[in-house]
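Copied from Swiss-Prot, the annotated features are:
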- 1-77: domain 'GST N-terminal' (DOMAIN)
- C9-C12: disulfide bond (DISULFID)
Amino acid sequence: MKLYIYDHCPYCLKARMIFGLKNIPVELHVLLNDDAETPTRMVGQKQVPILQKDDSRYMPESMDIVHYVDKLDGKPLLTGKRSPAIEEWLRKVNGYANKLLLPRFAKSAFDEFSTPAARKYFVDKKEASAGNFADLLAHSDGLIKNISDDLRALDKLIVKPNAVNGELSEDDIQLFPLLRNLTLVAGINWPSRVADYRDNMAKQTQINLLSSMAI
């Protein structure tokens, strides 16, 4: 199977996670951010992730891909209950996290930005909706304090380092991509249980953290 992705994209990370958790091989293909032609040819519009199944048919939508791959062998992993507290935490933090993440994505060495045109496409599109990246970076300190406070609240909710609620569930698929991308932000205080969970999930899913390129 082949998975077409952007490295920074949280929806792509969700799809990548299930392959790592189940130890199923997948061929990753990173599309350029300004390449509309390839995904449109596959699924009719510019979006990622896109899974090319073994029968060569294409499947978009991250959670559809997660459920498809999880059930392929008849032994699904994501059988745990979801937590309303985790859902509420994600809703709160996702409300502002992009103000920290988007301007940092734009400065980072992701393969989807490997041409100047691809990087410019991302900057132009995201600044139009999120605001000027230089302004957002200038306001980082307050947002970093907010995220550090919110991570302290999350620390109390983590049951085990290998599954946020004690048993693997969709909450892990929703939570880890955000934590992984937040490793791109320098200066965040990571509480110990959150850090252990983040690091353990990175190993389980075979997805790299971004700490070495933090801004």
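Here the Cβ of each residue, glycine as well, is placed from N, Cα and C on the backbone.
Quick caveat, the model's predicted, so the values are computed rather than measured.
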For C12 (disulfide bond): intrachain residues, at least 6 apart, with Cβ closer than 8 Å: L3, I5, Y6, V48, P49, S62
Close in space, distant in sequence - C9 (disulfide bond), Cβ under 8 Å, 6 or more apart: V48, P49
The domain 'GST N-terminal' (1-77): DSSP-derived helix, strand, coil residue counts: 30 helix, 14 strand, 33 coil
